[in-house]
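Notes for the one structure printed next.
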Amino acid sequence: MSCDLTDPAILEAYNEIVSGVPTNWLILGYHDTRDKISLYSKGTGGLHELAANLKEEVLYGFVRIEDRFALLAYVSEQVSGLRRARALVHGKAVGTLFKASNVQLNTTNLAELTEERVRARLGLTEGPPTPEATTPAIPSTPEPVVAASPVPAARPVTPPVSPPPSVEPAVIDTVVQPEVTSPSPIKNSSPRSGPSTPRTERQMEIETAERKAREEMERQRYAEVAKRQKETKEREAREQELFAQKQASEFERKHKEETDRAARETMKKQLIEMEHLRGLGLSGYITIQGAGSPFWKRRFYVMRGQVLAFFRDENDRAPVSQMSLGGQVLHIEDASLEVLIPHSFRVDLKNGDIHYFFSDTTKDKEMAIAGFMKCNEST
């Protein structure tokens, strides 16, 4: 949670304030960044002008009042908890840079930034004793002793000297005793150095903010770990589901191929029996795209033995073309996805020619494929 204080304008304005020139305040802010702090503004109108320039965000101020310096951390109540914690940590870095500050004030309310409150924190108001007043004075010599003593009144603050012969030893002891056994100074903090309690509270605020920031980072880290674990489980579940779907699809495809193959074998046997009994071959209408041709042509076909003959219609006596299929068919497969036409199939011949066909119904398609297989195997 370190911050960037490299803006050269910051030190320039700070040096102006501590050097005693008319500039006596500045304001630092983030300019919509996360950790980079820059100089917002500076001026000569003191604390009142500084407070008038504060906005509803996280800002740091530095002001000179007489010969004292105050560092201000203003965190608007509209700021989120995480940015509030980060501001306390960054305020410590700003305080380290502004070494001349005598006191540091944290506030969320502009009404708290009064001249009287800041002057009181700086020890510039009347009421609390000054350092000189808190230093114990040497007790005055009792009136009777001072009157009987020839020693001047100023003698108690000078080092002890040998008493004149005319003075009693007891009187001399009474006069110089305060100098030798002066009481220890009262251990009160000087108003000009700032009370110790606010400094302790500031340290506690920083430690609390750092602890909250660490806890927030830990929560975020745990949340990220939990999120990654959840995403991993969801991905594995999707992969398993896809694998199962793929297996089911593959099984269904093989089952369909086996079913189609069995149906074609049955049709082929029926065609063979029909030809033996009646001397007729398979016939019907089919649409063909010959090898190397981009056009589809509807033809009436007749399969006899190893020959497939094509006619313009069923009344035409002479075929327009023929195919000798005996042992020439290399492969037959569905072509619905290839040519995007229902009931279509593809026939690959051993000489490299490829022919596409489509029938009017699925039954006609299966019957035609069975006829191709029969013609290919006929001897």
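From the backbone N, Cα and C atoms, a Cβ is placed for every residue, glycine too.
Nobody curates TrEMBL annotations by hand; they come from automatic prediction.
In TrEMBL this protein carries:
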- 2-123: domain 'ADF-H' (DOMAIN)
- 124-151: region 'Disordered' (REGION)
- 132-151: compositional bias 'Low complexity' (COMPBIAS)
- 179-261: region 'Disordered' (REGION)
- 179-188: compositional bias 'Polar residues' (COMPBIAS)
- 189-198: compositional bias 'Low complexity' (COMPBIAS)
- 199-241: compositional bias 'Basic and acidic residues' (COMPBIAS)
- 249-261: compositional bias 'Basic and acidic residues' (COMPBIAS)
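DSSP assignment over the domain 'ADF-H' (2-123) gives 46 helix, 34 strand, 42 coil. Taking H, G and I as helix, E and B as strand and the rest as coil, DSSP gives the compositional bias 'Basic and acidic residues' (199-241) the counts 43 helix, 0 strand, 0 coil. If you average pLDDT over the domain 'ADF-H' (2-123) in this model, you get 91. Non-local neighbours of the compositional bias 'Basic and acidic residues' (199-241) in the same chain are 1, 81-82, 84-89, 91-92, 104, 106; each lies 6+ residues outside the stretch with a CB under 8 Å from one of its CB atoms.
Broken down with DSSP, the compositional bias 'Basic and acidic residues' (249-261) shows 13 helix, 0 strand, 0 coil.
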